[in-house]
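Down below is the structure, laid out as structure tokens.
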Amino acid sequence: MSRSESELSGAERTARIVELERGSVIQTYTRQPILLVRGAGAKVWDAEGREYIDFVAGVAVNTVGHCHPAVVEAIAHQAKELIHTSNLYYTENQVFLAEELKTLTGMDRAFFCNSGAESVEAALKLARRATGRSKIVAAVHSFHGRTLGSLGATYKAVYREPFRPLAEAEFVTFDDPEALAAMVSKETSAVILEPVQGEGGVNVPSPEYLRAARQICDDCGALLILDEVQTGFGRTGRWFGKEHSGVLPDVMTLAKGIAGGLPMGAMLAAQSVSEVFQKGDHASTFGGGPLVSAAALASIGAIKNEKLVERSAEMGAYLRSRLVEEIDAREVRGLGLMVGVELEANCPEIVNRARERGVLLNATSEHVLRMVPPLVVGKEEIDRVVKVLGEILEEP
Ligand SMILES: *Cc1c(COP(=O)(O)O)cnc(C)c1O
């Protein structure tokens, strides 16, 4: 390379990274061909200076927006004090965060880890320990992660089949209380459900469904695990998806939107269930470290200060109504700023065309677009995205 990095044009930097990535990163991702270098609020910019409205938000992670000043400040401050200690010692932020999560969720105790899949792993281990049973019931179109344990509860057969044997769940039709009642037995350790299915295409169950699930679990002595990795922290227009049905689970899993973009997961449990985990039963070297916990506290603070939960409900309703008005969709569904648009058209193709017009979208399948923008998104940005989508759908 004759010229220094800084002399390369944006297009050259992008081409170079695309080329290098192919040879140096294991090829498990299908990436959009842009090099993102900066973000603020609901927008990101690529190396060529192009601006995008971000309706993917790091897959429902950047709830308070990209580089929220309070999160940046908390990270910068904590980074100068203490970054990592392990869980062999006490640190303040982890305990303050656990207290905060207790208050927000109504659960009793927290275990911290570093991702959604890890929070599900912890939940499945806890359920085994608490019930002495090993069978899991999950829903058709569920997504709970890609590690060997969480993968067993993830519906898509193409994700699971190459990795058998796994501890696989029994899958039951989502939003069907009778089917669930028929499947759950005295051998069931836990039922794991998303309050709104995310990766499965933004599927919203009736509020009665989770209430029925609660009852069915109680009748059989199985635990109810609500996977709120995607639905947590205001995404659905309530702090947590469970609030739409008023159900309190035995175990709750959190990640994605928890820490303003830093990697963190948490498993929360009711008191009696949490007590079956004893010293040495589970652990994480990084879990609940001072830096990520500081970011989580700042992010939660920002959600409160800026009333982002209410804003999610409001802007989500606005987005859905604009979509219904402007777009010829098979269905527009969702809660808060977790929105699915089912279309006749090929959605991966729409994702490409939208990107070329400065809008980042995600397709969960051939015919479903998922919209999960930062909760700070504004009406102008929503209008722009709906306009772009409308234009694309009118093209030949
Ligand atoms: C994303 C997701 C996971 C997995 O989270 P990772 O951080 O990718 O491991 C688990 N459950 C749900 C509901 C999710 O949306």
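Cβ from N, Cα, C; glycine included.
The structure displayed is predicted, hence computed values, not measured ones.
TrEMBL annotations:
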BINDING   GLY116, ALA117, PHE143, ASP227, GLU228, VAL229, GLN230, THR285  pyridoxal 5'-phosphate binding site
BINDING   ARG146, SER284  N(2)-acetyl-L-ornithine binding site
MOD_RES   LYS256  N6-(pyridoxal phosphate)lysine
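Here the features listed in TrEMBL are placed on the structure.
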residue : record                               : Cβ neighbours (10 Å)
GLY116  : pyridoxal 5'-phosphate binding site  : 30
ALA117  : pyridoxal 5'-phosphate binding site  : 22
PHE143  : pyridoxal 5'-phosphate binding site  : 26
ARG146  : N(2)-acetyl-L-ornithine binding site : 16
ASP227  : pyridoxal 5'-phosphate binding site  : 31
GLU228  : pyridoxal 5'-phosphate binding site  : 30
VAL229  : pyridoxal 5'-phosphate binding site  : 27
GLN230  : pyridoxal 5'-phosphate binding site  : 28
LYS256  : N6-(pyridoxal phosphate)lysine       : 27
THR285  : pyridoxal 5'-phosphate binding site  : 11
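Among the binding-site residues ALA117, GLU228, VAL229, residues whose Cβ is positioned under 6 Å from ligand 1 are identified as ALA117, VAL229. Between GLY116 (pyridoxal 5'-phosphate binding site) and ARG146 (N(2)-acetyl-L-ornithine binding site), the C-alpha separation comes to 9 Å. ALA117 (pyridoxal 5'-phosphate binding site) is 6 Å away from ARG146 (N(2)-acetyl-L-ornithine binding site) when you measure Cα to Cα. Considering only the binding-site residues PHE143, GLU228, GLN230, the residues lying within 10 A of the residue listed as 'N6-(pyridoxal phosphate)lysine' on a C-alpha to C-alpha basis are GLU228, GLN230. Less than 8 angstroms from the CB of SER284 (N(2)-acetyl-L-ornithine binding site) sit ASN87, PHE111, PHE112, CYS113, ASN114, GLU118, each of them six or more residues away in the same chain. Reduced to three states, the DSSP call for LYS256 (N6-(pyridoxal phosphate)lysine) is helix. Among GLY116, ALA117, PHE143, ASP227, GLU228, VAL229, GLN230, THR285, the residues given in the record as binding pyridoxal 5'-phosphate, the maximal Cα to Cα distance rounds to 25 Å.
Under the DSSP three-state reduction, ALA117 (pyridoxal 5'-phosphate binding site) is assigned to helix.
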